[in-house]
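What follows is a single structure, written as structure tokens, with notes after it.
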Amino acid sequence: MGKRNRQAKSSTHSKGPVEEATEEDLTYDPSTYDFFFELDSEWPCLTFDFLKGESNSQTSQPFSVGFLSGTQADKPHKNQILFAKISNIYKRRPKTDSDSDDSEEEEEEQEPQFYSYTYKHRGTVNRIRVAPQPEASLAALWSDTGVFEFIRYGPLSALERSGRKVDLIQNLQNFEDPSGEGFAISWSSVSVGQLVCGNCAGYIRWWLPSSETGSSFVVDSQPFEGHQTSVEDLQWSPVEPTVFVSSSVDQSIRFWDTRLGKHCALAMERAHTSDINVLSWNPIDTHLLVSGGDEGIFQVWDLRTLSSSTTEQSFQNSTSPVAKFDFHKSPIVAIEWSPFESSSLVCAAADGRISFWDLSLEADQEEETEQGMNLDEKWKDIPAQLLFLHEGQKDPKDVHWHPQIPSLTMSTGLNGFHIFKPENI
């Protein structure tokens, strides 16, 4: 299990090398991470999303990542949208007694570099999500002012240019929702520019681009209705352009098809015993869906057990999850399937722990018995599917796998951003 020790600090307003801080209370084994560092932000960020690069994958060092985020400042006018890039990321090599001064100088040259641009924004950014097609350069966000916004961001390469940076964030369109603020956003990966967003009143709104350039969007006049309370998360199907799923504080998961009108096609009532905060639809094994709830449990659902001919009333309690994990004892705040391994997922909870799982693994009773004799009592209930545990993120809010760098993960919470790559994932 990996725990943090070293902290990388960098201002969100400047360019410069990432600096390592002194050891903290948590112990740390350098061999458990390929790399790990932190970024401080002026204000906490509740949300972020990665930006895709031009190539389909990054398999060789140095790595480079770009992301968009938004702040939660103490006053509405102090908030910002952060457009950032971290480059020159190398795998850290554990130091040995034989390391020379030359190797130390080489490591200094390999320190990550941080570049950023901030755009003033009124109100806390509840959630920001980037369109999956990188050529679109589009993102959408909810703020606590009840405004839903579309923005366009500039090229990542522009962040490294010297001189004054202008227009790297462009506001395209604002929609002041009469029902108030929201959190749920999902872009379709199949239909370019198609998006759904959900608010705290339980309504889901469907957006489509109104022009070929994607510079403006039109919202369907009638929202999707069915949830009794706040819509917490939304996910478009990774293969169907008309199908999406939603979760809510009302403890239900609902499936929608835009061809069938504004009422849900299927509903799983009481899918959890508490608020269902997050969803993730598996992009590889597209019959799998995972949900995370306020009770600290996440559950995996096999959508092949669902029937389109089943009525909503008879379907309410007709299915069960194929897997259920209660390792976390606090609300699940973020969850995501790996874009590279169909059985792997990452989960963040309010207990300050970020867990990595491989659901293809099964417990070996004989081996567990032998190992259990040598384990501390607190580790004896660790599930066989749990691969890695990252600690030290204060009150996590969001976590994502990088879409192009296998196993690179980033999280945000009240103490800034963590960027890391577990060695065993």
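One-based numbering along the chain as shown.
From the backbone N, Cα and C atoms, a Cβ is placed for every residue, glycine too.
Curation does not apply to TrEMBL; its annotations are automatic.
Bear in mind that the values here come from a model prediction, so they are computed numbers and not experimental data.
According to TrEMBL, the feature compositional bias 'Acidic residues' maps to 99-111.
The domain 'Histone-binding protein RBBP4-like N-terminal' annotation in TrEMBL covers 23-89. Per-residue confidence over the domain 'Histone-binding protein RBBP4-like N-terminal' (23-89) averages out at a pLDDT of 87.
As annotated by TrEMBL, region 'Disordered' applies to 1-26 (among others).
The annotation region 'Disordered' is assigned in TrEMBL to 93-114 (among others).
Annotation source TrEMBL lists repeat 'WD' at 224-259 (among others). Nonlocal intrachain contacts for the repeat 'WD' (224-259), taken as residues 6+ away from its ends with a CB within less than 8 angstroms of a stretch CB, comprise 182-191, 194, 196-206, 265-283, 286, 289, 291, 293, 301, 306.
Per TrEMBL, the feature repeat 'WD' maps to 269-311 (among others).
Here TrEMBL flags 325-360 (among others) as repeat 'WD'. Sorting the repeat 'WD' (325-360) by DSSP state (H, G, I as helix; E, B as strand; all else coil) yields 0 helix, 19 strand, 17 coil.
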Secondary structure composition of the repeat 'WD' (269-311) [DSSP: H/G/I, E/B, coil]: 3 helix, 17 strand, 23 coil
